[in-house]
Amino acid sequence: MTQEVLERSIQVGGRTMTFQTGKIGKQAGGAIFCRYGDTVVSAFATGSAQPREGIDFFPLTVEFEERLYAAGKIPGGFIKREGRPSEKAILSARLIDRPIRPLFPEGYRNDVQVVAQVMSVDQDCASDITGINAASAALTISNVPFEGPVAAVTVGLIGDEFIINPTVEQSEKSVMHLTVAGTKDAVMMVEAGAQEVPEAQMLEAIMFGHREIQRIAEFIENYRLEALERNLAKPKQEVVMKQMPEEIVQAVKAFAYDKMDQAVRTEEKKAREEAIRQVKEEALAHFAEQYPEDLKTIDKILEDFVHKIVRRLITVEHIRPDGRALDEIRPISVEVGILPRTHGTGLFTRGQTQVLTVATLGAVGDEQILDGLGLEESKRYMHHYNFPPYSVGETRPMRGPGRREIGHGALAERALLPVIPNENDFPYTIRLVSEVLESNGSSSMASVCGSTLSLMDAGVPVKSPVAGIAMGLISEENHIAILSDIQGMEDHDGDMDFKVAGTSQGVTALQMDIKIKGVSREILERALTQAKEGRLFILDKMLSVIEKPRPELSPFAPRIITASIHPDKIREVIGPGGKTIKKIIDETGVKIDIEDDGRVFISAVDGEAGENALKIIQALTQEVEVGRIYNGRVTRIMDFGAFVEVIPGVLGLSGKEGLVHISQLAHGRVEKVEDVVKLGDEILVKATGIDKQGRLNLSRKEALPNPNPNPNGSTANKNPRNS
């Protein structure tokens with residue numbers, strides 16, 4: 001049996017990206033085997049034949065499956081198979097979801113599932129970027145009514161040069177890691193981390209990436225056309241949208257539209273929600289007898305009214321639901337140090353959004369070890385974001401962080417990363433936890449502000465303070481409104497959620513999600529400019545409360561002492577089976593971390609305990625210097641000489657000792673060792689050498705003045721002064 005296979009390639013960032021269909025996953029709606037360098041991601045897109053009844057959302061799910069065989073690894077643990085998705089897999093799934101979600105027909109209610117499976121990993125060719133392009137191609141050739149294709153690239157910046165899909169080596173030099181996704185016509189999604197890059201340069205990077213995206217998207221579209229000719233792509237499913245009965249729409253409009261308009265204009269969130277609920281209840285009760293079978297339809301009509309009213313108020317009347325101007329930021333309240341025993345706290349309140357961020361400082365050994373498909377590495381700065389149901393007045397089970405919480409935590413972490421001091425300057429592991437106590441939009445950016453406050457309160461010497469703001473967009477016919485500091489309703493009924501974080505000098509993080517078919521350069525430029533104005537305003541509010549990091553750490557934070565030993569001496573500190581280092585820890589109550597290069601980090605809440613541990617380590621690793629005179633203690637007496645300890649032992653461990661041969665005990669002849677020294681005596685000795693077996697030779701004679709300095713036994717000066 002001969003199978004038809006279509007394989008085509010395109011050059012992206014100086015490497016070949018190959019798309020293949022017809023060989024694998026032929027029962028899926030669309031299947032693509034995508035290879036970029038040596039990274040291979042297989043993407044499968046499948047949609048249900050019928051819409052799901054009784055829902056008012058699009059049931060799209062995206063799974064990003066990491067297989068450890070892709071990196072030549074076997075999973076650890078007892079079960080030896082992959083378990084829950086890693087944080088990286090969750091973020092990659094979100095990265096695929098966000099640009100494709102807006103490109104399905106409005107009102108489409110069929111289940112759609114996209115699965116991206118990582119089968120081989122080349123560290124220089126990112127699996128998430130490969131996954132977006134593969135998923136887009138799979139949807140494009142499937143029967144699912146996808147209005148793509150989209151494509152994605154990463155943009156780096158080294159010097160003044162933009163780089164498409166930088167390698168690992170290039171990424172280390174780059175001051176920007178920008179992921180852009182879009183169609184041929186517009187940008188759909190932006191995700192970035194940067195080292196205070198100016199807004200103008202960030203905009204140029206986005207447009208630079210989009211030019212490459214246009215080329216890839218056109219390639220995928222041509223690939224679909226060729227696949228259709230070969231019967232390897234499926235005709236698109238016809239979408240039949242259920243129309244609202246015009247009679248009911250007009251009846252509900254006549255009864256409820258003006259009332260809903262007044263309800264939406266209520267400025268306070270809870271009062272507004274209650275007013276909208278009352279209008280809905282009143283309308284449903286009014287039409288219950290006339291249209292008993294259409295109450296769900298009526299509820300949907302009322303929701304559409306809210307959506308349209310909000311958009312019209314903002315774009316035509318320039319009135320926001322809470323009465324603010326389009327570029328106005330909600331009232332801000334800032335507090336620090338509100339928890340007594342934590343290392344640092346920041347309470348940031350903006351309108352009805354409130355976040356408490358707590359900073360905890362730990363030892364080097366507290367860093368997170370990352371062991372996935374990428375290179376094995378560790379993370380010494382972490383940010384965790386929690387969004388409990390009470391923050392929006394709801395109840396639901398609390399079963400650990402969801403995808404949204406992981407995504408928001410990663411965004412806030414990325415925003416602060418460029419200003420975190422390096423390990424040499426501040427050898428601490430830093431964990432931030434943001435607790436959303438109240439939310440009416442923009443809680444992730446409030447977490448960024450709270451993070452800066454808590455770090456400064458903890459005494460972490462951040463390079464610059466960082467603030468964040470969420471921008472919105474509503475585009476209605478010929479009217480465009482860009483909103484600063486969007487609240488929940490504006491996010492829900494708007495077209496864009498554009499989060500921007502940074503310092504006074506530039507951008508450190510970006511994230512843009514949209515619900516329309518893309519945004520233009522002009523809109524991006526306006527949003528970035530307006531975001532900078534808002535960010536600087538917020539920074540001023542924060543700095544009026546805490547201007548710079550505290551000069552001292554919290555008394556409850558550990559003190560870290562750093563030292564350096566020769567790498568060959570590491571085994572002496574650790575000891576056989578770790579016995580020595582365990583003894584030091586038990587004796588002093590400190591934490592000790594030793595790097596392979598000989599750096600030692602001693603972490604102790606009690607500074608004196610840390611100093612004691614340092615003295616022990618110094619004693620264990622101290623080298624005897626040949627030619628130096630030591631005050632030693634006689635530990636053993638033999639017929640041929642005495643053993644003298646020149647560096648005392650610690651923790652019951654032996655110190656460093658050497659042999660003073662009987663001939664080296666004194667300047668004259670010695671008949672018996674005990675005639676000169678006794679056990680326990682403290683004597684001056686000179687280190688004279690170390691033999692090939694590592695044994696130390698000492699001399700008491702050379703440490704003492706010679707009573708007969710000349711060969712004739714005279715004590716006269718060898719060079720008597722001339723008379």
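Using the three backbone atoms N, Cα and C, a Cβ is placed for every residue, glycine included.
Pulled from Swiss-Prot, these are the features on record:
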- Asp491, Asp497: Mg(2+) binding site (BINDING)
- 711-723: compositional bias 'Polar residues' (COMPBIAS)
- 558-617: domain 'KH' (DOMAIN)
- 627-701: domain 'S1 motif' (DOMAIN)
- 696-723: region 'Disordered' (REGION)
Segment-level pLDDT (mean, integer) for the domain 'S1 motif' (627-701): 90
DSSP residue counts for the domain 'KH' (558-617), split into helix, strand and coil: 32 helix, 16 strand, 12 coil
Those residues of the chain, 6+ apart, with a Cβ under 8 Å from that of Asp497 (Mg(2+) binding site): Ala470, Met471, Gly472, Ile486, Asp491, Gln511, Met512, Asp513, Ile514
